[in-house]
Amino acid sequence: MPKFDVSKRDLERLVGKEFTVEEWEDLFLYAKCELDDVWEENGEIYFKADSKDTNRPDLWSAEGIARQIRWALGFRRGLPEYEVEKSDVTVYVDEKLKDIRPYGVYAIVECLKLDEEALKQMINLQEKVALTFGRRRREVAIGIFDFDKVKPPIYYRAAEKTEKFVPLGFEEELTLEEILEKHEKGREYGHLIKDKPYYPLLVDSEGKVLSMPPIINSETTGRVTTETRNVFVDVTGWDLNKVMLALNVVVTALAERGGRIKSVKVVYPDFEIETPNLTPKSFEVELDYIRKLAGLDLSDGEIKDLLERMMYDVTLEDGKAKLLYPAFRDDIMHARDVLEDVLIAYGYNEIEPEEPKLAVQGRGDKFIEFEDAVRELMVGFGLQEVMTFNLTNREAQYGKMNLEYGRDYFNNPPAELVEIENPISPKWSALRNWLLPSLLDFLSQNTHEEYPQRLFEVGKATLIDESRETKTVSESKLAVVLAQPRVTFTDTKEILDSVMRHLGFEYELEEVEHPSFIPGRVGKVIVKGKAIGVIGEIHPSVLEKWGIEMPVAGFELFLRPLYTEPYL
């Protein structure tokens with residue numbers, strides 16, 4: 001979870017009221033944070049804020065915390081309003097960036113008055129959003145520049161690796177390749193673009209470099225100080241919705257410091273947009289649903305009041321609340337998310353605890369205990385556990401694995417995916433039906449780390465089952481990958497042998513054809529006459545699609561057929 005430092009004086013300046021340290025401990029809860037530490041430095045009190053929500057980047061700075069508290073205390077109510085003036089600035093996006101880093105969105109914020117604390121918060125927010133929400137700059141990277149040193153129009157273009165500029169913190173020009181080798185940020189984040197044919201550059205009409213996303217700003221325009229009055233904000237990444245949200249978070253935080261937001265026209269090869277877009281988002285919730293799940297006898301008016309203190313505009317109609325909420329939020333996906341805001345405004349400490357009305361004794365689910373035992377077993381074999389996302393997409397599960405969608409590969413994977421009808425992002429448009437692609441994705445993001453990489457995951461795969469009420473079934477699976485020089489089928493089979501021996505099962509291998517694996521080095525795992533998994537050496541063309549240069553072998557098993565009591 002994100003942690004960051006804030007000044008008590010700065011927070012109180014933004015809120016408009018002073019509080020004791022003890023009062024601040026409670027106030028932080030309104031912003032889904034805990035007060036992790038308090039200390040004094042040069043006569044000033046500082047807090048270590050520990051955010052408890054990775055889906056609320058708008059709360060990862062003093063500006064966001066202060067804004068949330070102003071509303072929660074009733075100093076302001078309803079939807080925050082931010083005026084966006086139209087500028088005459090245009091950014092042109094190069095078509096060659098489509099497979100490198102395709103999306104960039106931009107804004108101008110003028111009339112800023114930055115002291116040291118405000119500058120520190122701006123940099124902190126930029127880093128925290130890119131690190132956590134942006135997955136270490138892979139999904140989102142943010143640059144902030146002195147706009148007075150920039151001459152529009154601006155170009156986000158693909159550049160030759162031999163082009164040069166002076167990176168932030170350096171005095172001499174370096175080529176783009178040299179920046180990846182010599183600059184601290186280049187070494188840290190260079191793997192994100194190193195294998196691309198071109199590198200992204202943001203330049204103005206005079207050819208002056210603003211930045212090399214997602215690596216580093218230029219020394220010329222990328223150094224913002226307390227003397228800076230007007231800034232240009234750029235956010236780049238792979239998902240347009242995600243970079244738009246990050247831009248909204250940054251510009252509204254700067255607006256809390258008195259900045260005036262101006263939009264920028266962004267021209268892509270096949271469309272154009274105006275950014276930022278701070279149009280409020282909408283949602284609708286049943287009031288009785290809120291009352292039922294909250295366990296509180298709240299009137300319609302009380303629910304409306306609580307929501308207005310959480311920055312919603314509320315219209316009550318026919319037992320429902322029609323809501324508008326800020327464009328810097330993207331976490332309202334279900335009525336439970338609205339309920340959470342109602343309870344935060346009400347105060348969790350104000351809810352009377354109730355004793356359970358049934359005398360019950362709890363114990364761990366036996367199959368979950370079995371899964372944990374399998375995890376311990378794999379750790380004992382020297383493997384490292386990873387936990388990857390259940391959400392994925394068809395391309396990752398089939399296309400990158402050399403598989404034909406609609407064809408069953410003895411349930412590893414089955415013929416079809418459970419796909420989301422209206423996904424927020426194409427990247428998260430389906431539930432995975434096997435785990436090996438998730439582990440290959442993990443390996444592809446860690447090619448800069450040392451080898452060997454010996455990984456496993458015990459996780460869920462979602463399969464279509466028309467016989468069930470939900471038409472789906474969630475299956476527990478074990479997947480293993482070994483990424484190391486000269487890895488072979490035998491290396492993986494040794495681990496499979498040990499797993500089966502410890503679980504008390506005999507098994508057979510039947511040679512099969514499976515396009516994800518090298519022909520002749522892939523087998524179907526059979527237990528009691530039933531295929532429960534697949535093992536083999538990953539096909540080089542699959543590794544190439546994932547950007548993995550190291551040989552990989554692995555296996556995947558359904559765990560339910562291996563569950564017996566007692567086990568291990």
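Heads up, the Cβ atoms here are built off N, Cα and C, so glycines get one too.
Features reported for this protein in Swiss-Prot:
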{"type": "DOMAIN", "residues": "278-353", "note": "domain 'B5'"}
{"type": "BINDING", "residues": "ASP331, ASP337, GLU340, ASP341", "note": "Mg(2+) binding site"}
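If you take every residue in the domain 'B5' (278-353) and average the pLDDT, you get 95.
Report note: the Mg(2+) site is defined by ASP331, ASP337, GLU340, ASP341, and the residues of the same chain whose CB lies within 8 Å of the CB centroid of those residues, excluding them, are ILE332, ARG336, VAL338, LEU339. Annotation: ASP341 carries the greatest number of neighbouring Cβ atoms among the binding-site residues ASP337, GLU340, ASP341 [cut-off 10 Å, Cβ to Cβ]. Within 10 Å of the C-beta of ASP331 (Mg(2+) binding site) there are 16 other C-beta atoms, taking all protein chains into account. Reduced to three states, the DSSP call for ASP331 (Mg(2+) binding site) is coil. Applying DSSP to the domain 'B5' (278-353) sorts its residues as follows: 32 helix, 17 strand, 27 coil.
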